[in-house]
Amino acid sequence: MQKLKQQVFEANMELPRYGLVTFTWGNVSAIDRERGLVVIKPSGVAYETMKADDMVVVDMSGNVVEGEYRPSSDTATHLELYRRYPSLGGIVHTHSTHATAWAQAGLAIPALGTTHADYFFGDIPCTRGLSKEEVQGEYELNTGKVIIETLGDAEPLHTPGIVVYQHGPFAWGKDAHDAVHNAVVMEEVAKMAWIARSINPQLNHIDSFLMNKHFMRKHGPNAYYGQK
């Protein structure tokens, strides 16, 4: 697990590097599906002092199997998503400014241009709000459930992120670094959408044929973007 702990540590350290977190407001995890174990950031530990050995290993029920610290308070959300979507290898949660603003506004981040379409096939959805009972019960688990309720049976890697109403963004990917990459992109397109709609409040969504082209040339069966 040491290799995965190092990867998760490095991915967590990318969050302050890209300006996605303030203080300790974020976490990254990754899963070893063969072993059924998840590595995640410890709760409330400052990035300035954090080390790879501080990462916490939990099983799929949330029991700590390795580590001196308590795991992130959002662990139950991560585990619920891993259980539901086998294609996920890494998950990120932040309170990055612009994506969180859309979450607090209760609005999906609209697909307005090709930067968005290169990574997200359509709007980045916003969940419904959690009920009082859901918050006072198993809050973090129910956060995962409301994300799943919103995504349904859609392929999560085609829309590798979501904003949870009145909370903030979650992003995911094939591994921890891919998840962070998608979280960075989500923050950037959230900022672009806010600026674009401020300039032109009547701005329409990107044309579907242009969105399809940009997404499929990177992620489709005949993708040709980048190098083999």
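Every residue gets a Cβ built from N, Cα and C, even glycine.
Copied over from Swiss-Prot, here are the features:
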ACT_SITE  ASP118  active site, proton donor/acceptor
ACT_SITE  TYR225  active site, proton donor/acceptor
BINDING   GLY26, ASN27, SER43, GLY44, SER72, SER73  substrate binding site
BINDING   ASP74, HIS93, HIS95, HIS167  Zn(2+) binding site
Cα-Cα, whole number of Å: TYR225 (active site, proton donor/acceptor) versus ASP118 (active site, proton donor/acceptor)?
10
Conformational class of ASN27 (substrate binding site) under the three-state DSSP mapping
strand
Binding-site residues: HIS95, HIS167 - member with fewest neighbouring CB atoms within 10 Å
HIS95
Euclidean distance between Cα atoms of ASP74 (Zn(2+) binding site) and ASP118 (active site, proton donor/acceptor), Å
28
Of the residues named as substrate binders, GLY26, ASN27, SER43, GLY44, SER72, SER73, how far apart in Å are the Cα atoms of the most distant pair?
10
Here the binding-site residues are SER72, SER73; the one whose Cβ sees the most other Cβ atoms within 10 Å is SER72
Cβ-centroid neighbourhood (8 Å) of the substrate site, GLY26, ASN27, SER43, GLY44, SER72, SER73 excluded:
THR24, ILE40, LYS41, PRO42, VAL45, PRO71, ASP74
Need the DSSP three-state call for TYR225 (active site, proton donor/acceptor) to compare against my parser.
coil
Between the Cα atoms of ASP74 (Zn(2+) binding site) and GLY44 (substrate binding site), find the distance and write it as a whole number of Å.
11
Which residues, same chain and not among ASP74, HIS93, HIS95, HIS167, have a CB within 8 angstroms of the centroid of the CB atoms at the recorded Zn(2+) site?
TRP25, GLY26, ASN27, THR77, THR94, VAL164, GLY168, PRO169, PHE170
If you count other C-beta atoms within 10 angstroms, which of the recorded positions ASP74, ASP118 is the most crowded?
ASP74
